[in-house]
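Annotated features, as they stand in TrEMBL:
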DOMAIN    32-386  domain 'Orn/DAP/Arg decarboxylase 2 C-terminal'
DOMAIN    38-295  domain 'Orn/DAP/Arg decarboxylase 2 N-terminal'
MOD_RES   K64  N6-(pyridoxal phosphate)lysine
BINDING   G246, E288, P289, G290, R291, Y388  pyridoxal 5'-phosphate binding site
BINDING   R291, R328, Y332, E360, Y388  substrate binding site
ACT_SITE  C359  active site, proton donor
Amino acid sequence: MKQHVEINDLDHLTIGGIDVTYLAEKYGTPLFVYDVEQIRANAKAFVNGFKELNIPAQVAYASKAFSSIAMLQVAKQEGLSLDVVSQGELYTAIQADFPMDKVHMHGNNKSVAELEMAIEHNIGCIVIDNFHEIQLLEELLQKHDRSIHALLRVTPGIEAHTHDYILTGNEDSKFGFDLANGQAEEAFKQIKRNSRIQLKGLHCHIGSQIFETDGFVMAIRRLFETLANWHERYGYQADVLNLGGGFGIRYTKEDEPLALESYVEVLVKEITEQAHYYKLNSPEIWIEPGRAIVGNTAITLYTVGSKKEIPNVRNYIAIDGGMTDNIRPALYQAKYDAILANKAAREKTYQTAVAGKCCESGDMLLWDLLLPEVEPGDILAVFSTGAYGYSMSSHYNRFPKAAVVFVENGHDKLVMRRESYQDLIRNDLSYE
Ligand SMILES: *Cc1c(COP(=O)(O)O)cnc(C)c1O
């Protein structure tokens, strides 16, 4: 982590070579700052991992992690494909001039409008999730006289977590068709009857923030058992296997992620072996990293304000943001690391929690952090906030959304403006 951040001779934190106190001053806080060099390096680790092994692949950036026109332009420049799960995400991709043949659409309840937009724009692939969707898709393709490529999303009964995986058999998940109870096969048969849907292969996504590879290996074996069966009974060969995302990143010292290339190596090795074993064609390999592309590439800058010290209990410092720009700690106890950016080299002697300023007791960013002596006006930098931060942000308490800045080659560029109060009330109508 933090290859992209350093401490300069003023004892200030820098990102991409730029003093973050300068950025906080120039753009205000809360502020997301992305190091574009690091985004490119993460993308290249996956893309080149496949290239070096000479394996046809698509690395689809899961844009739900952080979607903006500038971000999708960088993804396009790096040759990534793109996952979208809504009309809003697809609209952003269109506005970023993203090649539509490299866009894949997900979702467990795709609406008619979403499917029609996908069909109209001729996107590369729809990942079919449920029986209702098969029926809708058939009707809409008929109506518009079009055809489309699709993957079938299956739940292989493997749930991967940070350091281990669970064999669940029948998976209790709202996503996809179950492999174990025959639903996937029923869906397969329905889709194969329709000439407008070209079934390119299977998709599964086994979890998130995964630090091991066994779960992926298990999932690949389950998918190949199915493919071998469908080959024998229906003569089917998959062109594509999509293993989803979930590759883990470092948020705190306790996290020990694998090198991104090593996931690629394991997937390629296992898929090649399985295809060979069952005498099936080697499919193209698709993956869908979100967090691993952007998570470790951004920091969030906040200005410290008030303080509350409860003797023998806890110290609290409060910052000028919180669950509105980072809901992950409140939502699922996510852990982060942070420092005072303007006192980056000072000795850390003050133990404190970091609270947001929303009217919720659960609006906390960190429960336990060691900092130098803290004063109002200090700049707190929280690390690894590039994924599921801005994209999950809200208007709770009517806080305008933060600004986003990209830095690269020693330059900083505003890529998402801070919202104004005018922006906040733009959809409000009068009742007078
Ligand atoms: C969320 C999601 C991803 C991305 O997950 P990360 O943990 O951010 O890599 C990829 N594919 C699917 C289907 C997802 O739901």
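Cβ from N, Cα, C; glycine included.
TrEMBL entries are annotated by machine, without manual review.
Where TrEMBL records a feature, it is marked here on the structure.
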| residue | record | Cβ contacts under 8 Å, 6 or more apart |
| --- | --- | --- |
| K64 | N6-(pyridoxal phosphate)lysine | D83, V85, E89, G290, Y388, S391 |
| G246 | pyridoxal 5'-phosphate binding site | A160, H205, I206, G207, S208, Q209, I210, R291 |
| E288 | pyridoxal 5'-phosphate binding site | A60, Y61, A62, D83, H104, H205, N242, L243, G244, G245 |
| R328 | substrate binding site | A334, Y388, G389, M392 |
| Y332 | substrate binding site | none |
| C359 | active site, proton donor | N397 |
| E360 | substrate binding site | M323, A330, Y396 |
Quiz item: Among R328, Y332, C359, E360, Y388, which recorded positions lie by ligand 1, judged by Cβ under 6 Å to any atom?
Solution: none
Quiz item: Across the listed substrate-binding residues, R291, R328, Y332, E360, Y388, what is the farthest Cα to Cα distance, given in whole Å?
Solution: 27
Practice problem: Could you tell me the maximum Cα-Cα distance in Å between the residues recorded as binding pyridoxal 5'-phosphate, namely G246, E288, P289, G290, R291, Y388, rounded to a whole number? | Solution: 15
Practice problem: Have a look around Y388 (pyridoxal 5'-phosphate binding site) and count the other CB atoms within 10 A of its CB, chains all included. | Solution: 21
Exercise. Would you list, in sequence order, the residues of this chain other than G246, E288, P289, G290, R291, Y388 that have their CB within 8 A of the centroid of the site's CB atoms, where the site is the one recorded for pyridoxal 5'-phosphate?
Key: A62, A65, S208, G245, F247, A292, I293, G295, A387
Quiz item: Taking every residue in the domain 'Orn/DAP/Arg decarboxylase 2 N-terminal' (38-295), what is their average pLDDT?
Solution: 96
Quiz prompt | Set of same-chain residues at least 6 away whose C-beta sits under 8 angstroms from P289 (pyridoxal 5'-phosphate binding site) | solution = N42, F46, V59, Y61, A62, G245, F247, L260
Quiz prompt | Number of Cβ atoms other than its own within 10 Å, given for R291 (pyridoxal 5'-phosphate binding site) | solution = 25
Exercise. Using DSSP reduced to three states, classify K64 (N6-(pyridoxal phosphate)lysine) as helix, strand or coil.
Key: helix
